[in-house]
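According to Swiss-Prot, the features are:
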- 30-33, 51, 87-91, 415, 479-481, 495: ATP binding site (BINDING)
- 533-547: compositional bias 'Gly residues' (COMPBIAS)
- 525-547: region 'Disordered' (REGION)
């Protein structure tokens, strides 16, 4: 085991502070509408230019191991806030730096770190409670767009496209971000349920020009197992032929004789039919087939449910107004499922989302939920160069997260003003003498985001903070984009409550951990031994006889 280097007490806290300051100073220049850019070197390709705090934070590694630990802990604040709320990473970094900087001075002056920590925790709890009181739900398309615009660093196109996507697919809908082929940023919305499986044979196509099969007012057979034997299907196909309606078969596989017979009947015009492979694998496939069955009002044909293919009648089949199948995707629009059945299914999936610990499972469950209730929207991000594309795509993803957070927990006035309006909540907090120090640290730290936003815009932070503090209206603040003092909510400068809350909670959590640090342990750097001098290649003589 390699030897370790250990530092204690003040020396440890000073090293942490140096690391925290290095990282925070690089990140905080990006805060606010007039924030500056940071250029990050890449080992290959062009450098990345960004105004996103967490992207800058992730790139920073310091040479000194103890300072690096401080930087990494603040990096954790930024990425945790980004994971939970999608935005507010720079604000969280600024708050963590302010709390730790003030706190380390007071601990050095002899205050008990544990008292200071308790004071910080009580102050944060009071401010979070006040933020929730200040919060208002998002009312309309315009407010959602404003949240998106602010999170996308003032890009109105992105804000409006996100608001439109949210409107089309609803709160539960899935919105994905893709790279577009051209320069334009566009929105595609898929109505109904779509899954990524196409037709099993191109002979099922009804529209040869677009190479897709469109089945209007169709029956849907949902079968869990393979279908290869024709005689199992025959009784059902006779009933379908008599009804004159089209049929779509969704099964694990349709092959051999069964597929050939379906194709022949389709080409003859006896049956209007299309076969599709079931989506997903294993248990997830079963769950998705159940979803399709509930959405279309049919039953999943599975032997474990006591249902055999030869016994199926028309009433076991699902119905849909329209099914469109191309070579890669199947879309079911307007399924005939009962509203209460779909709602019960949605409730079950929501419960599973709450319980699951796997991010991958959660994502898949959310996709299933979206397909049942809303639909899927795809934002295609267009840009002129690859560098711009990377930066723009990251901004769209941030803005999307922030708008979701706003819909979830509501909005508060932006521009760092909401924190100032919560100071009054600290008056009634019961603390002892030692904890009061922690309370005062938070009181000063929550002014820091507004100071930084003003400073980045070229204004004097302290003057701005005092002017905003004097105002009585909650929404009155400083709009750094225009340089005006005004009602920020009306001006569209708003933050999701979840973002403001997470930023403060995460910053205080990590800063108070760092304040109570008494020792740091790191590996000693290995001393590089000098390379031995290179000698000649002895013993190579006498090779003349090899001719």
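FYI, residue positions are counted from 1 along the chain as it appears here.
Cβ coordinates are placed from backbone N, Cα and C, and glycine is handled just like the others.
A map of Swiss-Prot features onto the structure.
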residue: 30; record: ATP binding site; DSSP class: coil
residue: 51; record: ATP binding site; DSSP class: coil
residue: 88; record: ATP binding site; DSSP class: coil
residue: 415; record: ATP binding site; DSSP class: coil
residue: 480; record: ATP binding site; DSSP class: coil
residue: 495; record: ATP binding site; DSSP class: strand
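For residue 88 (ATP binding site), the count of additional Cβ atoms within 10 Å of its Cβ stands at 32 [all protein chains shown]. Contacts of residue 480 (ATP binding site) defined by a Cβ separation under 8 A and a same-chain sequence distance of 6+ are given as 32, 33, 34, 415, 453, 454, 456, 457, 459, in order along the sequence. Same-chain residues at least 6 positions away in sequence with a Cβ under 8 Å from that of residue 495 (ATP binding site) are, in sequence order, 88, 147, 150, 411, 412, 413, 414, 415, 418. Counting only same-chain residues six or more apart in sequence, the Cβ atoms lying under 8 angstroms from the Cβ of residue 51 (ATP binding site) belong to 30, 35, 36, 37, 38, 153.
Neighbour counts of Cβ atoms within 10 Å were compared for the binding-site residues 30, 90, and the top value is held by 90.
Its Cβ taken as reference, residue 32 (ATP binding site) is surrounded by 27 other Cβ atoms within 10 Å in the chains shown.
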